[in-house]
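K.L.:
Before I ask anything, let me first share the structure, which is written out below as structure tokens.
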There are 2 protein chains.
Amino acid sequence: MPQRLHSADTDFERHFRDLLAAKREASVDVEAAVRAILDDVRARGDAALIEYTQRFDALTLTPETLRVSAAEIAAATEATPPETMEALRFAHERIRSHHARQRPSDERYTDALGAELGHRWTAVESVGLYVPGGAASYPSSVLMNAVPAQVAGVERIAMVVPAMRGALNPLVLAAAAVAGVTEIYRVGGAQAIAALAYGTETIPAVAKIVGPGNAYVASAKRQVFGSVGIDMVAGPSEVLVIADGENDPDWLAADLLAQAEHDAAAQSILLTDSAELADAVERAVERQLATLSRSATARESWETFGAVIVVRDLLAEAPALADRIAAEHLEIATDDPDAVFSRIRNAGAAFLGRHTPEVIGDYVGGSNHVLPTARSARFSSGLSVLDFVKRTSILRLSADTLRALAPAAIELARVEGLDAHARSVAIRLNPGA
Amino acid sequence: MPQRLHSADTDFERHFRDLLAAKREASVDVEAAVRAILDDVRARGDAALIEYTQRFDALTLTPETLRVSAAEIAAATEATPPETMEALRFAHERIRSHHARQRPSDERYTDALGAELGHRWTAVESVGLYVPGGAASYPSSVLMNAVPAQVAGVERIAMVVPAMRGALNPLVLAAAAVAGVTEIYRVGGAQAIAALAYGTETIPAVAKIVGPGNAYVASAKRQVFGSVGIDMVAGPSEVLVIADGENDPDWLAADLLAQAEHDAAAQSILLTDSAELADAVERAVERQLATLSRSATARESWETFGAVIVVRDLLAEAPALADRIAAEHLEIATDDPDAVFSRIRNAGAAFLGRHTPEVIGDYVGGSNHVLPTARSARFSSGLSVLDFVKRTSILRLSADTLRALAPAAIELARVEGLDAHARSVAIRLNPGA
């Protein structure tokens, strides 16, 4: 059973703090091992990349077979049932059209003193997209990472995906095909991150690397950061469901289990003002667990990290608790969800109303499913077009405007003890003098 | 003398690559030392913070004297000459009014299938602002870091600044007063970062930490990242000046030295199509070095990392080289600077025309002077209001819209092997069934 907390209890604050502080990920110290791999691939390029792929993925490659061929991608697409291809295309088009609204605008204006100010957004030149192998190899994630980069105008997207003993998930290739990603390499792990960051003879370096991965991939991304950009390092998934008593317990149970089935370290929290609903949801979870293919994972997550919080007044108490939880996914299952949502500051994505299961956002809502985990919604946002563009600020002065700005600049340079700063302005004030 | 490269030379590409690859910062391994400090302050709070301040800053504090008093801030402001206060206020108002244009907008719309989509921006709750002590203690940086946070709507800004043997730079306090920052603690180093990230009895934890610092501060920020957000870790400053032959060599020499005087590891590069101008600028640099208070630092930077690149055709060759350099500061001193700038993708900030020295952007241009260094303009942007807000995506469906989206979502959940995902959607399609 998940833990049950009552906001009316005297020790609620202590229990709630413990819930927030619970470590859901074992910290694996792979830093030194990863450092050695990064250095080796940086120094020896393809040869090192191929050796590590042999060792870790039991796959023998040559520089010629590193890249997945167009024929393989076509074959994977052909092998994918039409209804799956249709679902991928439907998802792709919804994600594309939503993200197209996120393109930021350039600006250029002249202020009261005549200074021309502004900024210009440009796309990152090239992006590496990491796709995990194994159980976490999701075609939907290919779409969610590739589409914002494409909408941003990124000219080159290089995808890497490990192929254990040569096997690639055809759905991942099909999703890449739907997204129009054609540069795909069958490598993974820290060695793939090194190849993307530093380049090899076969794989040109990229400017930024995105996408989820295991502890080795996460450590590699952290270590190459600076040489290239990286996205956030995502932790296990989580959902906070805020619900009044007027909900179907089976619907909410399914939502809680949809997070729990991802990962034993996932976290599902129900926050309600109805103890009856809380009981009914817990019973529904037990019933539904019996028929899940990933029931062992889901049960472990639910029993270890799941929580049910019962409050007296939903509108008065839920927002402050939700802000402290700062959930990746926030469902609000009430008649007037905006009344609750408008009082909440911290959440990666909000799903409003009883007919908006978070799962729609995983696939076909249109918004991105790469979202801040582990309370990082307090300070960060989900993946968007903004992650694939960067801003150059612009300043342009006339001689007269420079004259108007000069005294303050020279004074500040003077008090900061920066003579050349002061001179760089002063010298332009009396040309020919 | 700085190195001279000619794009017409056969070995230009090799020399240019070496220039890009030059390491300007010695990597100091302080990680383990910092880790111990972080853990100690996390465990023991004020007591540990006070001990480290005694040890590293030769300053004895109590929980009561950690915070700089309102009287001390007022005294620093009173001690600051009126013309300096006026310059700070002038800079503050220009920075504020420019950043006020950066507030992003919320959006909410209904798409063709009836799905309500959107996003909402909210301010980060609380921000810690690190201000270095010693030579890098710049009042202008206080404004540049505090103002975007305030414009974003951050409710609490806590500033930390080390006070070696008790001494605080009154100009830093005066700048804080001008910006309206009143919560200031006289602590620095990794111990101050730990206090901001984890909180102590006296200093409540913040959600994000920004501001420059030495190797200890940079390592501490990297290590607490995840618990809190951080800004980029800035390296030594740099400028690329693209100039035709029609420039006053003294103006450009002053601009190159304005970067060089910051730090021996700073980098100033002149890129021109005029070998005569290149010679004249080098002579002017030598002349001007003689009268700089920081001439030793500036000379070391210029001779070690400075470079003069001579090309045959500025418009044809400069943009591609500039994109590879991806400079923090880019000056374009030509008659039609936009013709060059429009072909360049990677730069932190652009200063266009002969009357726009980069130094204006350091102080009173209005745009931010916290900018991406070390080629990170390829994938990141300068500090802005966007760094102090985060986005929550919003989805709201009706029963009918859910029905329209359901088949594709269920199909994708099915092929990803996520039963509870499929059920979470399917169960809502036949209520009561």
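Numbering starts at 1 and runs along the chain as it is shown here.
Including glycine, each Cβ sits where the backbone N, Cα and C put it.
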K.L.:
Name the one residue among A:Ser237, A:Ser381, A:Ser398 that TrEMBL lists for the same substrate site as A:Gln259, A:His262, A:His329, A:Asp362, A:Glu416, A:His421.
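P.N.:
Matched candidate out of A:Ser237, A:Ser381, A:Ser398, per TrEMBL for substrate with A:Gln259, A:His262, A:His329, A:Asp362, A:Glu416, A:His421: A:Ser237.
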K.L.:
Can you give me the same-chain residues 6 or more apart in sequence from A:Asp362 (substrate binding site) with a CB-CB distance under 8 Å?
P.N.:
A:Ser140, A:His369
K.L.:
Using a 10 Å cut-off on Cβ-Cβ distances across all protein chains shown, tell me which of the binding-site residues (A:His262, A:His421) has the largest neighbour count.
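P.N.:
When each Cβ's neighbours within 10 Å are tallied, A:His421 tops the list.
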K.L.:
Mind pulling out which recorded positions among A:Tyr130, A:Gln191, A:Ser237, A:Glu328, A:Asp362 sit under 8 Å from chain B, Cβ to Cβ?
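P.N.:
The answer, in sequence order, is A:Asp362.
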K.L.:
Among A:Tyr130, A:Gln191, A:Gln259, A:His262, A:His421, these being the binding-site residues, pick the one whose CA is nearest to that of A:Glu328 (active site, proton acceptor).
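P.N.:
Going through A:Tyr130, A:Gln191, A:Gln259, A:His262, A:His421 one by one, the closest to A:Glu328 (active site, proton acceptor) is A:Gln259.
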K.L.:
Within its own chain, what residues at least 6 apart in sequence put their Cβ under 8 Å from the Cβ of A:Glu416 (substrate binding site), listed in sequence order?
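P.N.:
The list for A:Glu416 (substrate binding site) is empty, so the answer is none.
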K.L.:
Quick check for the class: what is the C-alpha distance, in angstrom and rounded, between A:Tyr130 (NAD(+) binding site) and A:His421 (substrate binding site)?
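P.N.:
That separation, Cα to Cα, works out to 44 Å.
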K.L.:
Cα-Cα separation of A:Ser237 (substrate binding site) and A:His329 (active site, proton acceptor), in Å?
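P.N.:
One finds 8 Å between the Cα atoms of these residues.
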K.L.:
Say you check the Cα of A:Gln191 (NAD(+) binding site) against those of the recorded positions A:Gln259, A:His262, A:His329, A:His421; which is nearest?
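P.N.:
Of the recorded positions A:Gln259, A:His262, A:His329, A:His421, A:His262 has its Cα closest to that of A:Gln191 (NAD(+) binding site).
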K.L.:
Starting from the Cβ centroid of A:Tyr130, A:Gln191, A:Asn214, which together make up the recorded NAD(+) site, report each further residue of the same chain whose Cβ lies within 8 Å of that point, ordered by sequence.
P.N.:
A:Pro132, A:Val160, A:Pro162, A:Gly188, A:Gly189, A:Ala190, A:Ala192, A:Ile193, A:Gly213, A:Tyr216, A:Val217, A:Ala220
K.L.:
Would you mind reading off the Cα separation of A:Asn214 (NAD(+) binding site) from A:His262 (substrate binding site), to the nearest angstrom?
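P.N.:
Cα of A:Asn214 (NAD(+) binding site) to Cα of A:His262 (substrate binding site) measures 14 Å after rounding.
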